[in-house]
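To keep things clear, I will list the structure first and then write my remarks on it.
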Amino acid sequence: MSGDNSTETGRRRSRGAEASSRKDTLERLKAIRQGGIRSASGGGYDIRLQKPIFDTVDDEEYDALVSRRREEARGFVVEDGEGGDLGYLDEGEEEDWSKPSGPESTDESDDGGRFSGRLKKKKKGKEQTQQPQVKKVNPALKAAATITGEGRLSSMFTSSSFKKVKETDKAQYEGILDEIIAQVTPDESDRKKHTRRKLPGTVPVTIFKNKKLFSVASSMGMKESEPTPSTYEGDSVSMDNELMKEEDMKESEVIPSETMELLGSDIVKEDGSNKIRKTEVKSELGVKEVFTLNATIDMKEKDSALSATAGWKEAMGKVGTENGALLGSSSEGKTEFDLDADGSLRFFILDAYEEAFGASMGTIYLFGKVKMGDTYKSCCVVVKNIQRCVYAIPNDSIFPSHELIMLEQEVKDSRLSPESFRGKLHEMASKLKNEIAQELLQLNVSNFSMAPVKRNYAFERPDVPAGEQYVLKINYSFKDRPLPEDLKGESFSALLGSHTSALEHFILKRKIMGPCWLKISSFSTCSPSEGVSWCKFEVTVQSPKDITILVSEEKVVHPPAVVTAINLKTIVNEKQNISEIVSASVLCFHNAKIDVPMPAPERKRSGILSHFTVVRNPEGTGYPIGWKKEVSDRNSKNGCNVLSIENSERALLNRLFLELNKLDSDILVGHNISGFDLDVLLQRAQACKVQSSMWSKIGRLKRSFMPKLKGNSNYGSGATPGLMSCIAGRLLCDTDLCSRDLLKEVSYSLTDLSKTQLNRDRKEIAPNDIPKMFQSSKTLVELIECGETDAWLSMELMFHLSVLPLTLQLTNISGNLWGKTLQGARAQRIEYYLLHTFHSKKFILPDKISQRMKEIKSSKRRMDYAPEDRNVDELDADLTLENDPSKGSKTKKGPAYAGGLVLEPKRGLYDKYVLLLDFNSLYPSIIQEYNICFTTIPRSEDGVPRLPSSQTPGILPKLMEHLVSIRKSVKLKMKKETGLKYWELDIRQQALKLTANSMYGCLGFSNSRFYAKPLAELITLQGRDILQRTVDLVQNHLNLEVIYGDTDSIMIHSGLDDIEEVKAIKSKVIQEVNKKYRCLKIDCDGIYKRMLLLRKKKYAAVKLQFKDGKPCEDIERKGVDMVRRDWSLLSKEIGDLCLSKILYGGSCEDVVEAIHNELMKIKEEMRNGQVALEKYVITKTLTKPPAAYPDSKSQPHVQVALRMRQRGYKEGFNAKDTVPYIICYEQGNASSASSAGIAERARHPDEVKSEGSRWLVDIDYYLAQQIHPVVSRLCAEIQGTSPERLAECLGLDPSKYRSKSNDATSSDPSTSLLFATSDEERYKSCEPLALTCPSCSTAFNCPSIISSVCASISKKPATPETEESDSTFWLKLHCPKCQQEDSTGIISPAMIANQVKRQIDGFVSMYYKGIMVCEDESCKHTTRSPNFRLLGERERGTVCPNYPNCNGTLLRKYTEADLYKQLSYFCHILDTQCSLEKMDVGVRIQVEKAMTKIRPAVKSAAAITRSSRDRCAYGWMQLTDIVI
């Protein structure tokens, strides 16, 4: 029977001899179960397959078989006998059993009334004998059952076999279904009964010969021993079908009584709000094994008022019926936009786009708003005939300097007219013009113009002279091919601007500083049907000069924007491994203010919010009963179509694109919309062959083909260029990207941000659960509400973070495109800010470095170095290229120059006041202080440039001064404002601060167009010098102690308890430092009452603050908060607890005792399973797609991501996502915790919490790797404890942490050699001298000779040194394990010498391996390949390879001092002379007698040891190092 069960669900057979045989077997089995009869053999059940189940053929035979069947079956149709329309046509194809075809029968002898693809001839006689008498079924229900193959009404909508019926028969079927629905309305209780009835059929049952069962099953609904038939009360019609009766009979007979107990054994015990998962199973031996999760699961009911869905429903309640027309309605009323009195058009620009290739090259498209009465409508401005602007840098012979000076003087003296002067310049440049003309003609450029102009250049190209000079300006159309960027000629040395884009040229020439009002003086309109865009209006401008910035005396307000949030719900196609869309929710905010924040009350105002959802049923499922009525009711209630149903993904996409076009959105919002939703949307449109006239409505440009969607998208760079071109005209606001820029969070998922920022609890739905939600209207409504809620949350997050006004301010300051700012393009913002500034000063702008030029320069760099130089990237100081195209090299480049100065901290716990002083905006202030600019400092290829001698301010200092002065004025206004105006001003000052602080970064960013390494190096050099001079001033002149300094700040230990005296010192220091500088200002950033200083960039302190004149205290952490590291919440909580004890705990003894008690308490709670499971969750961010990790098997979060993606969870496990995991071991297999790697034992929290899970939290791992490193690091400077003691409190083996304790207490081994009080203390960390007996191979440790002799003379008990060794060995030179009378145990002097030499060689070899270990307790990275990155003051090769995740320093695991100490210990063991000199005369005589016998035996070994030690350079001092 078991064998039949294993195969019967996968196939169906017609009646015949096999069916009869199975029936006989079933009856015999029934008799056996009832009468206790056993077969004669007594061996249990005899189960065998008489015939093979499958035929094995190759592809050619299979194709021939299908063709033959199709030919034989041609014209074969089985009619249903009643209507003749429900027959089946056999096409000769094999059935694909991998596809679901409705609920499958588990009875092979009968298909239970199901239509499974082949119509079987049934014999009435057999049916009557096998099946009991049933009531007469309603004809309509019977017809429906024939269609769907199910005796249950709801399966008509979920059975895939229903899809196979011909399209021409739909009308008849719909009539039948309407009749059924009119007669029968099933309720939810019917579904539950039917579900309970079918549950036993889903339980895995394994039959063993000893009748013992081993299984784990869910406890849901397992109390009934017999299935309850489902009955529809309305018509008194029994819906029991043949399948369920026979199936239930068989299973109730086969399953023993103890099995039903087993089915309910997976129980949940609740204690208060916490749940403990307990799984109880029976083993094959009948012994119960109980597995209990060793952590609690929080089961507190969340406040329904804080539910995100509740918040969305509240917001949706504000949408009145009068607003229904807003969604999906076209513009009414006026059809013409407003014009000014002079006929010009006012146009507010939001976005711009240009086609880089094709026929439209050189044409740009501006998208924005025009005023139409009291409203604003979308408009597209097509700008044509934009000209290239290329500058040719002439050789010195073209414009001789002496002639130019004479001509300019004649013009100045009015002896030469300006026209004549220009004519002279043209004559000088004739040769240059002819050469350029020839180059243009070769490119088929027929229309161009050239003119000599005077321009400045001040950037980094060595082939372009710096300063003011005459160059040749070349203008020709963008439709023509560009001149090569590396083109040179006889009369010119370089070309600049040849590849500048038309859009950049237009923005700079027209001085457009971000979104603003433009004035279009001359234009032509076109109808929407003839236009190139989907905007409401479209105008064409033939010359860019017709567009100017609007200068209006009256204040012009910004138009509101239409903001649309999109959320997709997808399922995973497992065969193709792609995401498919099943629902799309759209939320539209019709009047969003873009320049000022919008508080919550204003956002909730009725009439500005609308929503829409379109859903389609997944393949193989249908819509639940009454779904159409539910949709109709929802639409009627809202007064418009807010819910639409479709039958295919293609139809869903078409409807979505149509609705988006009707909304005419300006901004698209979503969480990770640029990384997931937008990509999936367009990929599916492409796969479903959606017409370009439809999918292009996602943007505002009409398109005939889809751009390449995949492109070079770096981590955190937003959407790919292909995706951005598809939505051209609409801005993209990704709240995922924005939150990463504006917030510091552990996780940036929508769920976590909703909780931390909006105080809303979001419900997540797994992609694998979505198809199940189509089984009932209730769950399907839940799915739709979840999609709408997610869209609402992303929009609320955008408003909460004030993303639109902040990015608008940044864009208006910088003058770039708003869409780029929203995508996080910080470098481009600063780039455009400088482009606008230098362009207005008549400077030739630096070109972008193209990929081709990068490869050329990279090849040149590689050729400049010798082949054997493997450290090119580290030695190369000119890091022109950040992304080296040579993929083969994984070597990371070090910094091109030294960074900020970081002083070595004076570690310890300070209980007196500590001052933190820092310079305000150090690097921007240095630029102003020393007049550092492209235009003021001459640069050379080698060396750091000197400070400028010119007092004329450069362009960069002026920019900095301008930004700083504006910010100061804004901050002054903030003091007078409150409420919304204060909020608005605060956003503006933030934007100014971000721009000023980013200015220095562009100088040191190698991919920036304004990259200037000499300037960046000079700025950081001055910063280091300023910090050092400040430290010297404080220490030498003010006699204060500086305990730490970092880049722009210093910490001063006051040594005082009086806060007033500390304030006086603060004022004195600030005054003395600030009077030395003009622009640099130092200020107090904090007063700390108590501070724990651990190491560089790692400290914690109690910060004293004054609010309303009253002091208050708060703990401030830096580098010890463990927010962005792979630490669990438990580690963070224990770290915070230890910090609070240290910083508030009083005396050192009290602090240590409190920490020890807390550690023992938490250990007990963890061992007893009293810690919440959520506290064990570790989070780590994926920096790239999981499949792209080369070392994925050693990365826990990558392994979890890969496993979850295999199960269909695509969202949340991609690059930039934070993956949660718990380190576990399998229940009943505790040995796996030590044998399997960490990555193999990492599990997602949902995997651990799932019912039936066999995973337990690995408590030992969390104690040893999550808690001990954190606590030991925090307590490193606390007297009275040690890593060993902390480990003991946590129940760990203290011996494993002994070396760490020794390292902490004796960082310099020479200290213990010189100042130790005894030999035992001096050599306590050394390895013992171990000798091996040649006879019995026993190894034993040898004490020192002197201690062994003294012990034998005095007859005292063995010292600690000799406890683990034989104290009489040196007197007998005999193996302590061998018999004394046996001569085989004697160890000769040669043996001693050889074994000592071998051990010494091992220590020397260990030293020369050069193993490095990271000093950070939480990292402990071990390597033999040092990282040659330069970082601050650190020595080359000491930076941890895990930087920046780890800021630790690599240290030698076995240092030269360790080797010297070990060799000294061996010398001490074998010493027979020096130790005698320290003894009293009386004792010395006795010892000397014993030594005379031992000395010859160890002489050779002692000589070898001394010789090795003397060769160690550590024991020698070079006189050259101490002689002046």
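Our numbering is plain: 1 for the first residue shown, then up by one each step along the chain.
Glycine is no exception: its Cβ is also placed from the backbone N, Cα and C atoms.
The region 'Disordered' annotation in Swiss-Prot covers 1-53 (among others).
Taken from Swiss-Prot, the feature compositional bias 'Basic and acidic residues' covers 20-30.
Per Swiss-Prot, region 'Disordered' is recorded for 68-139 (among others).
Under the heading compositional bias 'Acidic residues', Swiss-Prot lists 79-96.
The Cβ of Cys1375 (Zn(2+) 1 binding site) has Cys1333, Ser1335, Cys1336, Thr1338, Phe1340, Gly1385, Ile1386, Ile1387 as same-chain neighbours under 8 Å, each 6 or more residues away in sequence. If you look up Swiss-Prot, you'll see Cys1333, Cys1336, Cys1375, Cys1378 marked as Zn(2+) 1 binding site.
Per Swiss-Prot, zinc finger is recorded for 1333-1378.
Secondary structure at Cys1419 (Zn(2+) 2 binding site), as computed by DSSP, is coil. The number of other CB atoms found within 10 A of the CB of Cys1419 (Zn(2+) 2 binding site), across every protein chain shown, is 19. Under the heading Zn(2+) 2 binding site, Swiss-Prot lists Cys1414, Cys1419, Cys1440, Cys1446.
Annotation source Swiss-Prot lists motif 'CysB motif' at 1414-1446.
Each residue in the motif 'CysB motif' (1414-1446) has a pLDDT score, and their mean in this model is 73. Secondary structure at Cys1414 (Zn(2+) 2 binding site), taken from DSSP and collapsed to helix, strand or coil, is strand. It is Cys1414 that, of the binding-site residues Cys1333, Cys1336, Cys1378, Cys1414, Cys1446, has its Cβ surrounded by the most other Cβ atoms within 10 Å. There are 26 other CB atoms within 10 A of the CB of Cys1440 (Zn(2+) 2 binding site), with all protein chains counted. The CA atom of Cys1446 (Zn(2+) 2 binding site) is located 53 Å away from the CA atom of Cys1378 (Zn(2+) 1 binding site). Cys1414 (Zn(2+) 2 binding site) sits 45 Å from Cys1378 (Zn(2+) 1 binding site), taking the CA atoms of both as reference points. The DSSP secondary structure for Cys1440 (Zn(2+) 2 binding site) is coil. Cys1378 (Zn(2+) 1 binding site) and Cys1419 (Zn(2+) 2 binding site) are 47 Å apart (CA-CA, integer value). The distance from the Cα of Cys1378 (Zn(2+) 1 binding site) to the Cα of Cys1440 (Zn(2+) 2 binding site) comes to 50 Å.
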